[in-house]
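**Q** The structure is given below, and queries will be raised subsequently.
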Amino acid sequence: MSFTPGKQSSSRASSGNRSGNGILKWADQSDQSRNVQTRGRRAQPKQTATSQQPSAGNVVPYYSWFSGITQFQKGKEFEFAEGQGVPIAPGVPATEAKGYWYRHNRRSFKTADGNQRQLLPRWYFYYLGTGPHAKDQYGTDIDGVFWVASNQADVNTPADILDRDPSSDEAIPTRFPPGTVLPQGYYIEGSGRSAPNSRSTSRTSSRASSAGSRSRANSGNRTPTSGVTPDMADQIASLVLAKLGKDATKPQQVTKQTAKEIRQKILNKPRQKRSPNKQCTVQQCFGKRGPNQNFGGGEMLKLGTSDPQFPILAELAPTAGAFFFGSRLELAKVQNLSGNLDEPQKDVYELRYNGAIRFDSTLSGFETIMKVLNENLNAYQQQDGMMNMSPKPQRQRGQKNGQGENDNISVAAPKSRVQQNKSRELTAEDISLLKKMDEPFTEDTSEI
């Protein structure tokens, strides 16, 4: 009994497609299938991008049951842990979950500046005993092939899986069992996300793959009649970046000039449309913190919406509908304090609102939200208190503690030698005075 991915098990027996008679191929590969090597293998295209014309990648002459995984970061290895890496396919038991990922080196194209750019490769999964390496044993060291199998599968026998007929079977969006660790620097085609999200259910890739497959099967050549290729989106993006003089692989550096331009661009917006960030702080956008603007403190005032804690607070922000229909609104005309006296004065209005955001402890991330709110609500009061406290006098280098304290306390004129109680040697005059003090006192009765 053969199994068909995406369908229930059927009694259809395998028609011997693995021998090469029934496998669908690209039109330009029809002659290669007739050539047989001495070891009985079908002639396979080389897996290097330089094996054909500079603008073409290696050919994938077999249809995979699943959408591909595309590399978007250079230098990242394509690998899975042992027992992982086989996509989920309804109708295929775990004993048949074995096969390999095949690297498809895509074509290169010429950029606007005349240079050739090689697109990063894309990987496709084939069950053991099918695809471009149907004759190879599991675990054979082959460049551009990564073998995967579940723990329940017997890798010594081919998988009993039918080959995909693109005219009747669409490609299945690639998904993996929970707990699968996916290679970094790759994304699953059709999911719009990087490979770490293995639960995508998008069918965009399957429709695109099926449409392209039918076009190739009906037209008899590799060039679709519409002129649209799978790599056209990448080519267009690269051409646009080259035209603008930008490189998508290099991070954009923010200089003082660009930071000033960003800040001015934000400040030119209406007050209710501003989003503070590193280049334009909260105080620059909305002024100092106080009783009427009492949220924000510490790093959040410096980083604004760039603060790592801000996204979880943004989940509490009301929608436009909740703002208008769930708040108390009041329209008031205010004095226009902007502009010169020579300029015509404009009527300025304020739409004042009063509302509330209600949530409970069942909200996801409740503890973190409460922590962030407690740290930032009325934080200006704590900062003002710290500013009002007299700072502790700092001791200068090389100065003793006692000396510093005496200098800070003594602000009057210097003391005399007697007040300072400093010891010194007695002079002859001092000794004479002391003797007179010891003599008995006699009253002078002489008349003046």
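Glycine too: its Cβ is placed from the backbone N, Cα and C atoms.
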**Q** The RNA site in Swiss-Prot includes Arg106, Arg164. Which of Arg122, Arg263, Arg271 is also listed there?
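**A** As annotated by Swiss-Prot, Arg106, Arg164 share the RNA site with Arg122, chosen from Arg122, Arg263, Arg271.
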**Q** Can you grab the distance from Arg164 (RNA binding site) over to Thr174 (phosphothreonine)? Cα atoms, rounded to a whole Å.
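**A** Cα of Arg164 (RNA binding site) to Cα of Thr174 (phosphothreonine) measures 15 Å after rounding.
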**Q** At the Cα level, what's the spacing in Å between Arg106 (RNA binding site) and Thr427 (phosphothreonine), rounded?
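**A** Cα to Cα, Arg106 (RNA binding site) and Thr427 (phosphothreonine) are separated by 108 Å.
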**Q** Could you tell me which of these binding-site residues, Arg106, Arg164, has the fewest other Cβ atoms within 10 Å of its Cβ?
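**A** Across Arg106, Arg164, these binding-site residues, the one with fewest Cβ atoms within 10 Å is Arg106.
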**Q** In the same chain, who gets a Cβ under 8 Å from the compositional bias 'Basic residues' (266-276) while lying at least 6 residues past its ends?
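**A** Sequence-distant neighbours of the compositional bias 'Basic residues' (266-276): 282, 284-286, 304-305.
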**Q** How big is the gap, in Å, between the Cα of Arg122 (RNA binding site) and that of Ser167 (phosphoserine), rounded to a whole number?
**A** 23
**Q** Please work out the helix, strand and coil residue numbers for the compositional bias 'Basic residues' (266-276) from the DSSP assignment.
**A** 5 helix, 0 strand, 6 coil
